[in-house]
């Protein structure tokens, strides 16, 4: 198999309602805040459990009883007040920008959003299609604690969509459900006047305990939208026709400020050339072919024999979750690596172990490299033998039939999501 370099060290070639925008933004950028350790305790098993629940993947032994204590965002320094956090008006209608202060860890990337003039910190999620926000009408008072709560009584632009409800179920452990409203929603200066937004009255503890996020902005395909009886458009779908291009980009970098940009592709944010990969959207996801892999070196490419051969690009998942065959092949090259179901509920290894890079197919013609520097998620500190134990950023899907390219993947690559096709394009970060 002949290989030649296309993107140095990163990509290698291989043989419903009618919401209206307030203004035509052309393009706009949202700079993201990263969770700090004071805002959210980095915990690999918890993040893996969230991903399993989201996609209905059976939990492994030891996961069900794993419940670490959440750490409130308000123990840190990122409490927001007043108007849109960090919002700037540059006097130009075609572009809005939001500034955020970076925090000390990049477990997950979050964005300021205003709904009905009220400020929130929310997660952009390319793995779902509902927008919902914590609110004053939730049944559980405990669930409200340490969140910014949307109050419909404080909004002059609130309107209830009579008869419409939403219900997101992430497996059987995580859910949010309730009525649906419309309100003015602003992200980075781009505004939709009547964005459909779920106001959950019931929220699972696993969502309520995520104190660093007040809700979610879904950016997957409309097919996944759970509003019934009439599906609703995502924020991006409502804006797409008014953008210069129907695209958005994700720049999620390790230890650095990240951003999403809607309507334009900033060539200064990536190196080399973009590689375009077709998306299969029949299930509503940004799903691409990914049936080949190699550990350490590109000259030992293997075909995944027992998996689906596809992967979902999901900014709402922190880890890289691949077919068990790939994960076992990778950790076979890491001295001391083991699957620990009882204590860590995942793959761990000595932190001083030498880690190889991982090559993954993106589409049928290219492979992406995930550098070894991105594949350690968490240091748990000394184990019984005094050696620090690390939790892998790469974990198994337990033969769950779904591979998930989460933030570990995005830290390696700049990604363009293009509704034309649809497709994604990838390149190394600049």
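For all residues, glycine too, the Cβ spot is worked out from N, Cα and C.
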Which range is it, out of 59-105, 106-152, that shows up in Swiss-Prot as region 'Disordered'?
59-105
Given the recorded positions 125, 306, 352, state which is nearest to residue 314 (active site) when distance is taken between Cα atoms.
125
Between residue 306 (N-linked glycosylation site) and residue 352 (N-linked glycosylation site), find the distance joining the two CA atoms and give it rounded to the nearest Å.
32
For the active-site residues 125, 314, work out the Cβ neighbour count at 10 Å and name the residue with the minimum.
125
Quick one: Cα separation, residue 352 (N-linked glycosylation site) versus residue 125 (active site), in Å?
33
